[in-house]
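*Asks:* Structure below; questions to follow.
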Amino acid sequence: MKVLTAIALSAIAFTGAVAAVITQEAFLNNPRIHHDQEKYLIELAPYRTRWVTEEEKWALKLDGVNFIDITEEHNTGFYPTLHSASYVKYPPKMQYAEEVAALNKNLSKENMKANLERFTSFHTRYYKSQTGIRSATWLFDQVQRVVSESGAAEYGATVERFSHPWGQFSIIARIPGRTNKTVVLGAHQDSINLFLPSILAAPGADDDGSGTVTILEALRGLLQSDAIAKGNASNTVEFHWYSAEEGGMLGSQAIFSNYKRNRREIKAMLQQDMTGYVQGALNAGVEEAIGIMVDYVDQGLTQFLKDVVTAYCSVGYLETKCGYACSDHTSASKYGYPAAMATEAEMENTNKKIHTTDDKIKYLSFDHMLEHAKLSLGFAFELAFAPF
(Lines of atoms letter the chains of each structure in order from A and count residues from 1; the text may use other names and numbers.)
(Lines give C-alpha, C1' and ligand atoms only; values in the text may rest on other atoms or scores of the structure.)
Protein backbone atom coordinates (compact mmCIF):
# COMPACT_ATOMS: atom_id res chain seq x y z
CA MET A 1 0.00 0.00 0.00
CA LYS A 2 2.83 2.43 0.87
CA VAL A 3 4.57 1.67 -2.42
CA LEU A 4 1.39 2.35 -4.35
CA THR A 5 0.88 5.58 -2.47
CA ALA A 6 4.42 6.69 -3.29
CA ILE A 7 3.91 5.90 -6.97
CA ALA A 8 0.63 7.80 -7.05
CA LEU A 9 1.98 10.81 -5.21
CA SER A 10 5.12 10.92 -7.37
CA ALA A 11 2.95 11.02 -10.48
CA ILE A 12 0.86 13.76 -8.95
CA ALA A 13 3.93 15.78 -7.98
CA PHE A 14 5.28 15.49 -11.52
CA THR A 15 2.14 17.01 -13.02
CA GLY A 16 1.87 19.66 -10.33
CA ALA A 17 -0.14 19.18 -7.17
CA VAL A 18 -1.96 22.47 -6.97
CA ALA A 19 -4.08 24.14 -9.64
CA ALA A 20 -5.08 27.76 -9.64
CA VAL A 21 -8.54 28.89 -8.67
CA ILE A 22 -10.38 30.27 -11.67
CA THR A 23 -13.52 32.34 -11.79
CA GLN A 24 -16.59 31.55 -13.86
CA GLU A 25 -15.97 34.70 -15.93
CA ALA A 26 -12.42 33.60 -16.76
CA PHE A 27 -13.73 30.32 -18.06
CA LEU A 28 -16.29 32.02 -20.25
CA ASN A 29 -13.54 34.20 -21.74
CA ASN A 30 -11.21 31.23 -22.31
CA PRO A 31 -13.31 28.36 -23.66
CA ARG A 32 -10.24 26.46 -24.95
CA ILE A 33 -8.52 26.17 -21.56
CA HIS A 34 -9.82 22.67 -20.85
CA HIS A 35 -8.78 21.24 -24.20
CA ASP A 36 -5.34 22.90 -24.44
CA GLN A 37 -4.20 22.00 -20.93
CA GLU A 38 -6.23 18.81 -20.48
CA LYS A 39 -7.60 20.01 -17.19
CA TYR A 40 -10.97 19.71 -15.54
CA LEU A 41 -13.04 22.37 -13.83
CA ILE A 42 -14.10 21.20 -10.38
CA GLU A 43 -16.23 22.85 -7.73
CA LEU A 44 -15.11 22.31 -4.12
CA ALA A 45 -17.88 24.44 -2.59
CA PRO A 46 -20.68 26.50 -4.13
CA TYR A 47 -19.05 28.81 -6.71
CA ARG A 48 -15.50 27.89 -5.59
CA THR A 49 -13.88 26.41 -8.68
CA ARG A 50 -10.43 25.17 -9.63
CA TRP A 51 -8.74 23.73 -12.71
CA VAL A 52 -7.03 20.37 -12.06
CA THR A 53 -5.55 17.46 -13.98
CA GLU A 54 -7.08 14.03 -13.62
CA GLU A 55 -4.20 12.97 -11.36
CA GLU A 56 -4.90 15.96 -9.14
CA LYS A 57 -8.54 14.92 -8.90
CA TRP A 58 -7.48 11.55 -7.46
CA ALA A 59 -5.00 13.26 -5.12
CA LEU A 60 -7.81 15.39 -3.73
CA LYS A 61 -9.95 12.31 -3.15
CA LEU A 62 -7.04 10.56 -1.42
CA ASP A 63 -6.89 13.56 0.89
CA GLY A 64 -10.61 13.27 1.59
CA VAL A 65 -11.54 16.38 -0.39
CA ASN A 66 -14.95 16.25 -2.08
CA PHE A 67 -15.68 17.97 -5.38
CA ILE A 68 -18.05 17.97 -8.32
CA ASP A 69 -16.57 18.03 -11.83
CA ILE A 70 -18.52 20.67 -13.76
CA THR A 71 -16.41 20.71 -16.94
CA GLU A 72 -18.75 18.96 -19.35
CA GLU A 73 -21.91 20.55 -18.02
CA HIS A 74 -20.18 23.94 -18.26
CA ASN A 75 -19.17 23.27 -21.86
CA THR A 76 -22.82 22.78 -22.82
CA GLY A 77 -23.47 26.38 -21.83
CA PHE A 78 -25.79 25.32 -19.00
CA TYR A 79 -23.57 26.14 -16.04
CA PRO A 80 -24.77 24.17 -13.02
CA THR A 81 -24.64 26.77 -10.31
CA LEU A 82 -26.95 26.24 -7.37
CA HIS A 83 -30.60 26.71 -8.26
CA SER A 84 -33.10 27.61 -5.56
CA ALA A 85 -34.82 24.45 -4.40
CA SER A 86 -38.55 24.36 -4.97
CA TYR A 87 -40.55 24.02 -1.77
CA VAL A 88 -42.28 20.68 -1.39
CA LYS A 89 -44.55 19.71 1.49
CA TYR A 90 -43.95 16.11 2.57
CA PRO A 91 -46.37 13.91 4.54
CA PRO A 92 -46.16 14.68 8.28
CA LYS A 93 -46.67 10.99 9.09
CA MET A 94 -46.71 7.65 7.32
CA GLN A 95 -49.93 6.93 5.45
CA TYR A 96 -49.35 3.37 4.20
CA ALA A 97 -47.84 1.48 7.12
CA GLU A 98 -49.78 -1.72 6.48
CA GLU A 99 -48.91 -1.89 2.79
CA VAL A 100 -45.23 -1.06 3.29
CA ALA A 101 -44.81 -3.52 6.16
CA ALA A 102 -46.19 -6.31 3.98
CA LEU A 103 -43.85 -5.44 1.10
CA ASN A 104 -40.83 -5.16 3.37
CA LYS A 105 -41.33 -8.74 4.53
CA ASN A 106 -40.51 -9.91 1.00
CA LEU A 107 -37.13 -8.17 0.80
CA SER A 108 -34.29 -10.67 0.54
CA LYS A 109 -30.76 -10.52 1.94
CA GLU A 110 -29.95 -13.53 -0.23
CA ASN A 111 -30.83 -11.59 -3.39
CA MET A 112 -28.60 -8.71 -2.36
CA LYS A 113 -25.72 -11.03 -1.53
CA ALA A 114 -25.96 -12.92 -4.83
CA ASN A 115 -26.14 -9.69 -6.81
CA LEU A 116 -23.24 -8.10 -4.93
CA GLU A 117 -21.05 -11.18 -5.35
CA ARG A 118 -21.50 -10.96 -9.12
CA PHE A 119 -21.19 -7.18 -9.21
CA THR A 120 -17.87 -7.20 -7.34
CA SER A 121 -16.45 -9.92 -9.58
CA PHE A 122 -15.64 -7.35 -12.27
CA HIS A 123 -11.99 -6.29 -11.98
CA THR A 124 -13.05 -2.68 -11.68
CA ARG A 125 -16.16 -0.66 -12.43
CA TYR A 126 -14.05 2.42 -13.20
CA TYR A 127 -16.18 4.52 -15.52
CA LYS A 128 -13.57 4.74 -18.30
CA SER A 129 -12.80 1.00 -18.33
CA GLN A 130 -14.16 -1.82 -20.48
CA THR A 131 -15.07 -3.76 -17.35
CA GLY A 132 -16.98 -0.69 -16.20
CA ILE A 133 -19.08 -0.98 -19.34
CA ARG A 134 -19.52 -4.72 -18.84
CA SER A 135 -20.58 -4.28 -15.22
CA ALA A 136 -23.12 -1.64 -16.28
CA THR A 137 -24.45 -4.01 -18.94
CA TRP A 138 -24.83 -6.78 -16.37
CA LEU A 139 -26.62 -4.41 -13.99
CA PHE A 140 -28.90 -3.16 -16.76
CA ASP A 141 -29.92 -6.76 -17.46
CA GLN A 142 -30.76 -7.33 -13.78
CA VAL A 143 -32.88 -4.18 -13.58
CA GLN A 144 -34.65 -5.11 -16.78
CA ARG A 145 -35.34 -8.60 -15.45
CA VAL A 146 -36.84 -7.25 -12.22
CA VAL A 147 -39.16 -4.93 -14.14
CA SER A 148 -40.12 -7.60 -16.66
CA GLU A 149 -40.88 -10.27 -14.05
CA SER A 150 -43.12 -7.86 -12.13
CA GLY A 151 -45.35 -7.28 -15.14
CA ALA A 152 -44.86 -3.52 -14.80
CA ALA A 153 -43.52 -3.23 -18.36
CA GLU A 154 -47.01 -4.05 -19.62
CA TYR A 155 -48.22 -0.87 -17.91
CA GLY A 156 -45.52 1.42 -19.25
CA ALA A 157 -42.53 0.81 -16.97
CA THR A 158 -39.21 1.21 -18.79
CA VAL A 159 -35.50 0.64 -18.24
CA GLU A 160 -33.14 2.80 -20.29
CA ARG A 161 -29.45 3.41 -20.75
CA PHE A 162 -28.46 7.04 -20.34
CA SER A 163 -25.33 7.31 -22.49
CA HIS A 164 -22.20 9.27 -21.60
CA PRO A 165 -19.08 10.09 -23.68
CA TRP A 166 -16.74 8.22 -21.30
CA GLY A 167 -18.24 4.77 -22.02
CA GLN A 168 -20.03 3.51 -18.92
CA PHE A 169 -23.71 4.44 -19.11
CA SER A 170 -26.13 5.30 -16.32
CA ILE A 171 -29.35 3.33 -15.85
CA ILE A 172 -32.87 4.68 -15.28
CA ALA A 173 -35.84 2.50 -14.35
CA ARG A 174 -39.08 4.47 -14.64
CA ILE A 175 -42.35 3.31 -13.07
CA PRO A 176 -45.02 5.70 -14.33
CA GLY A 177 -47.80 6.93 -12.08
CA ARG A 178 -50.91 8.95 -12.87
CA THR A 179 -48.85 12.17 -13.03
CA ASN A 180 -45.32 13.06 -14.12
CA LYS A 181 -44.44 14.34 -10.66
CA THR A 182 -41.42 12.17 -9.93
CA VAL A 183 -39.66 10.62 -6.94
CA VAL A 184 -36.06 9.46 -7.55
CA LEU A 185 -33.97 6.91 -5.65
CA GLY A 186 -30.30 6.70 -6.63
CA ALA A 187 -26.99 4.94 -6.08
CA HIS A 188 -23.75 5.01 -8.05
CA GLN A 189 -22.60 1.91 -9.89
CA ASP A 190 -18.96 2.82 -10.58
CA SER A 191 -15.98 1.98 -8.39
CA ILE A 192 -12.41 3.24 -8.32
CA ASN A 193 -8.97 2.41 -6.98
CA LEU A 194 -7.47 5.83 -6.38
CA PHE A 195 -3.87 4.68 -6.65
CA LEU A 196 -4.00 3.50 -10.27
CA PRO A 197 -7.63 3.70 -11.47
CA SER A 198 -7.04 2.19 -14.92
CA ILE A 199 -4.98 -0.75 -13.65
CA LEU A 200 -5.70 -1.87 -10.10
CA ALA A 201 -8.71 -3.86 -8.95
CA ALA A 202 -11.62 -1.95 -7.43
CA PRO A 203 -14.27 -4.39 -6.17
CA GLY A 204 -16.24 -1.53 -4.63
CA ALA A 205 -18.36 -3.82 -2.47
CA ASP A 206 -19.40 -1.05 -0.11
CA ASP A 207 -18.71 1.97 -2.34
CA ASP A 208 -21.19 1.76 -3.88
CA GLY A 209 -21.98 -1.84 -4.72
CA SER A 210 -23.92 -1.97 -1.47
CA GLY A 211 -26.15 0.97 -2.41
CA THR A 212 -26.55 -0.41 -5.92
CA VAL A 213 -27.95 -3.77 -4.81
CA THR A 214 -29.90 -2.14 -1.96
CA ILE A 215 -32.04 -0.04 -4.28
CA LEU A 216 -32.26 -2.91 -6.79
CA GLU A 217 -33.83 -5.06 -4.08
CA ALA A 218 -36.07 -2.16 -3.05
CA LEU A 219 -37.24 -1.87 -6.66
CA ARG A 220 -38.06 -5.59 -6.74
CA GLY A 221 -39.99 -5.29 -3.48
CA LEU A 222 -41.83 -2.14 -4.54
CA LEU A 223 -43.02 -3.74 -7.78
CA GLN A 224 -44.75 -6.49 -5.83
CA SER A 225 -47.41 -3.87 -5.18
CA ASP A 226 -50.06 -4.16 -7.89
CA ALA A 227 -50.94 -0.50 -7.47
CA ILE A 228 -47.35 0.53 -8.21
CA ALA A 229 -46.70 -1.99 -10.97
CA LYS A 230 -49.95 -1.15 -12.78
CA GLY A 231 -49.29 2.59 -12.72
CA ASN A 232 -52.01 3.51 -10.24
CA ALA A 233 -49.79 5.51 -7.89
CA SER A 234 -50.26 9.26 -7.88
CA ASN A 235 -46.65 9.94 -8.84
CA THR A 236 -43.95 8.45 -11.04
CA VAL A 237 -41.04 6.67 -9.35
CA GLU A 238 -37.56 6.36 -10.86
CA PHE A 239 -34.56 4.32 -9.75
CA HIS A 240 -31.18 5.60 -10.98
CA TRP A 241 -27.79 3.89 -11.07
CA TYR A 242 -25.26 6.60 -11.88
CA SER A 243 -22.05 6.25 -13.81
CA ALA A 244 -18.89 8.18 -12.87
CA GLU A 245 -19.78 9.40 -9.40
CA GLU A 246 -16.15 8.90 -8.44
CA GLY A 247 -15.06 11.28 -11.21
CA GLY A 248 -17.09 14.10 -9.67
CA MET A 249 -20.79 13.18 -10.01
CA LEU A 250 -20.52 13.19 -13.80
CA GLY A 251 -23.38 10.80 -14.59
CA SER A 252 -25.90 12.27 -12.18
CA GLN A 253 -25.08 15.80 -13.35
CA ALA A 254 -25.82 14.85 -16.93
CA ILE A 255 -29.16 13.36 -15.92
CA PHE A 256 -30.36 16.19 -13.69
CA SER A 257 -29.13 18.78 -16.18
CA ASN A 258 -31.27 17.02 -18.79
CA TYR A 259 -34.22 16.98 -16.40
CA LYS A 260 -33.87 20.69 -15.70
CA ARG A 261 -33.77 21.54 -19.39
CA ASN A 262 -36.86 19.45 -20.00
CA ARG A 263 -38.67 20.94 -17.02
CA ARG A 264 -39.06 17.62 -15.24
CA GLU A 265 -40.94 17.94 -11.96
CA ILE A 266 -38.75 16.10 -9.45
CA LYS A 267 -40.36 16.17 -6.01
CA ALA A 268 -37.74 14.20 -4.07
CA MET A 269 -34.38 12.50 -4.58
CA LEU A 270 -32.79 10.03 -2.15
CA GLN A 271 -29.19 8.88 -2.59
CA GLN A 272 -27.96 5.67 -0.94
CA ASP A 273 -24.15 5.62 -0.90
CA MET A 274 -22.45 2.88 1.17
CA THR A 275 -25.07 0.88 3.08
CA GLY A 276 -23.25 -2.19 4.38
CA TYR A 277 -20.47 -1.48 6.89
CA VAL A 278 -21.31 -1.38 10.62
CA GLN A 279 -18.11 -2.62 12.29
CA GLY A 280 -16.67 0.86 12.55
CA ALA A 281 -19.62 2.00 14.62
CA LEU A 282 -19.56 -1.11 16.79
CA ASN A 283 -15.81 -0.73 17.39
CA ALA A 284 -16.44 2.85 18.49
CA GLY A 285 -19.10 1.73 20.95
CA VAL A 286 -21.85 3.33 18.89
CA GLU A 287 -25.17 1.65 18.22
CA GLU A 288 -25.91 0.34 14.74
CA ALA A 289 -27.92 3.00 12.96
CA ILE A 290 -28.55 4.58 9.58
CA GLY A 291 -26.57 7.75 8.97
CA ILE A 292 -28.71 10.65 7.75
CA MET A 293 -26.91 13.59 6.16
CA VAL A 294 -27.96 16.97 7.49
CA ASP A 295 -25.68 19.26 5.47
CA TYR A 296 -26.25 20.33 1.86
CA VAL A 297 -29.62 18.56 1.79
CA ASP A 298 -33.27 19.59 1.76
CA GLN A 299 -34.33 19.88 5.38
CA GLY A 300 -37.98 19.01 4.82
CA LEU A 301 -37.14 15.87 2.86
CA THR A 302 -34.50 14.92 5.41
CA GLN A 303 -37.06 15.12 8.22
CA PHE A 304 -39.37 12.89 6.18
CA LEU A 305 -36.47 10.46 5.68
CA LYS A 306 -35.95 10.30 9.45
CA ASP A 307 -39.65 9.57 9.89
CA VAL A 308 -39.40 6.71 7.39
CA VAL A 309 -36.51 5.17 9.34
CA THR A 310 -38.48 5.41 12.58
CA ALA A 311 -41.57 3.85 11.02
CA TYR A 312 -40.09 1.04 8.93
CA CYS A 313 -36.59 0.14 10.11
CA SER A 314 -35.41 -2.03 13.00
CA VAL A 315 -32.54 0.36 13.70
CA GLY A 316 -32.60 4.06 14.39
CA TYR A 317 -30.81 6.94 12.70
CA LEU A 318 -27.96 9.24 13.61
CA GLU A 319 -27.40 12.66 12.09
CA THR A 320 -24.08 13.15 10.32
CA LYS A 321 -22.37 15.46 7.84
CA CYS A 322 -20.28 14.69 4.77
CA GLY A 323 -19.53 18.16 3.42
CA TYR A 324 -20.16 19.53 -0.05
CA ALA A 325 -20.30 17.20 -3.06
CA CYS A 326 -19.98 13.90 -1.22
CA SER A 327 -22.36 11.98 -3.50
CA ASP A 328 -24.89 12.23 -6.31
CA HIS A 329 -27.60 14.02 -4.33
CA THR A 330 -25.38 17.07 -4.92
CA SER A 331 -26.32 17.01 -8.60
CA ALA A 332 -30.04 17.01 -7.82
CA SER A 333 -29.61 19.90 -5.38
CA LYS A 334 -27.59 21.95 -7.88
CA TYR A 335 -30.50 21.88 -10.29
CA GLY A 336 -33.05 22.89 -7.67
CA TYR A 337 -34.45 19.48 -6.78
CA PRO A 338 -35.03 18.53 -3.11
CA ALA A 339 -32.49 15.86 -2.17
CA ALA A 340 -31.47 13.75 0.83
CA MET A 341 -28.86 11.11 1.52
CA ALA A 342 -28.54 8.03 3.72
CA THR A 343 -25.40 6.07 4.52
CA GLU A 344 -24.28 3.19 6.74
CA ALA A 345 -23.23 5.12 9.87
CA GLU A 346 -21.92 8.43 11.10
CA MET A 347 -19.20 9.55 8.70
CA GLU A 348 -16.36 9.02 11.17
CA ASN A 349 -17.38 5.36 11.49
CA THR A 350 -17.89 4.55 7.81
CA ASN A 351 -15.75 2.11 5.82
CA LYS A 352 -12.11 3.20 5.47
CA LYS A 353 -11.28 0.46 2.95
CA ILE A 354 -13.11 2.15 0.10
CA HIS A 355 -11.23 3.07 -3.09
CA THR A 356 -8.79 0.17 -2.56
CA THR A 357 -8.51 -3.50 -3.51
CA ASP A 358 -9.81 -4.38 -0.04
CA ASP A 359 -13.34 -2.96 -0.35
CA LYS A 360 -14.78 -6.48 -0.17
CA ILE A 361 -18.04 -8.20 0.73
CA LYS A 362 -16.55 -9.98 3.73
CA TYR A 363 -16.59 -6.74 5.72
CA LEU A 364 -20.28 -5.99 5.10
CA SER A 365 -23.50 -6.71 6.97
CA PHE A 366 -26.43 -7.78 4.82
CA ASP A 367 -28.69 -7.34 7.84
CA HIS A 368 -27.79 -3.65 7.79
CA MET A 369 -28.24 -3.44 4.04
CA LEU A 370 -31.71 -4.91 4.53
CA GLU A 371 -32.54 -1.96 6.77
CA HIS A 372 -31.51 0.41 3.99
CA ALA A 373 -33.67 -1.56 1.56
CA LYS A 374 -36.64 -1.15 3.93
CA LEU A 375 -35.90 2.56 4.10
CA SER A 376 -35.78 2.79 0.30
CA LEU A 377 -39.01 0.89 -0.20
CA GLY A 378 -40.88 2.86 2.46
CA PHE A 379 -39.59 6.15 1.06
CA ALA A 380 -40.62 5.21 -2.48
CA PHE A 381 -44.07 3.87 -1.60
CA GLU A 382 -45.11 6.71 0.70
CA LEU A 383 -44.03 9.37 -1.78
CA ALA A 384 -45.48 7.52 -4.76
CA PHE A 385 -48.91 8.27 -3.29
CA ALA A 386 -48.14 11.64 -1.69
CA PRO A 387 -50.48 14.51 -2.70
CA PHE A 388 -47.85 16.85 -4.11
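Glycine is no exception: its Cβ is also placed from the backbone N, Cα and C atoms.
Keep in mind it's a predicted model, so treat the numbers as computed, not measured.
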*Asks:* Since Swiss-Prot lists HIS188, ASP207 for Zn(2+) 1, which candidate among ASP141, ASP226, ASP273 does it give for that site as well?
*Replies:* ASP273
*Asks:* Quick one: which of GLU238, GLU246, GLU319 does Swiss-Prot put in the Zn(2+) 2 site with ASP207, HIS355?
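*Replies:* My reading of Swiss-Prot gives GLU246 as the candidate in that site.
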*Asks:* Tell me, which recorded positions from ASN106, ASN180, HIS188, ASN232, ASP273, CYS322 are within 10 Å of GLU246 (Zn(2+) 2 binding site) if we use the C-alpha atoms?
*Replies:* HIS188
*Asks:* Return the residues near ASN106 (N-linked glycosylation site), defined as same-chain residues 6+ apart in sequence whose C-beta is under 8 angstroms from its C-beta, sorted by sequence, else 'none'.
*Replies:* GLY221, GLN224
*Asks:* Between the recorded positions HIS188, CYS326, HIS355, which lies closest to ASN180 (N-linked glycosylation site), Cα to Cα?
*Replies:* HIS188
*Asks:* Measuring CA to CA, name the entry from the recorded positions HIS188, ASP207, CYS322 that ends up nearest HIS355 (Zn(2+) 2 binding site).
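*Replies:* Spatially nearest to HIS355 (Zn(2+) 2 binding site) by Cα position is ASP207.
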*Asks:* Using a Cβ cut-off under 8 Å and a sequence separation of 6 or more, which residues in the same chain sit near HIS188 (Zn(2+) 1 binding site)?
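*Replies:* The list for HIS188 (Zn(2+) 1 binding site) reads ASP208, GLY211, THR212, TRP241, TYR242, SER243, ALA244, GLU245, GLU246, GLY251, SER252, ASP273, SER327, ASP328, given in order along the sequence.
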*Asks:* What is the total of other Cβ atoms whose distance to the Cβ of ASN180 (N-linked glycosylation site) is within 10 Å?
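*Replies:* ASN180 (N-linked glycosylation site) is surrounded by 12 other Cβ atoms within 10 Å.
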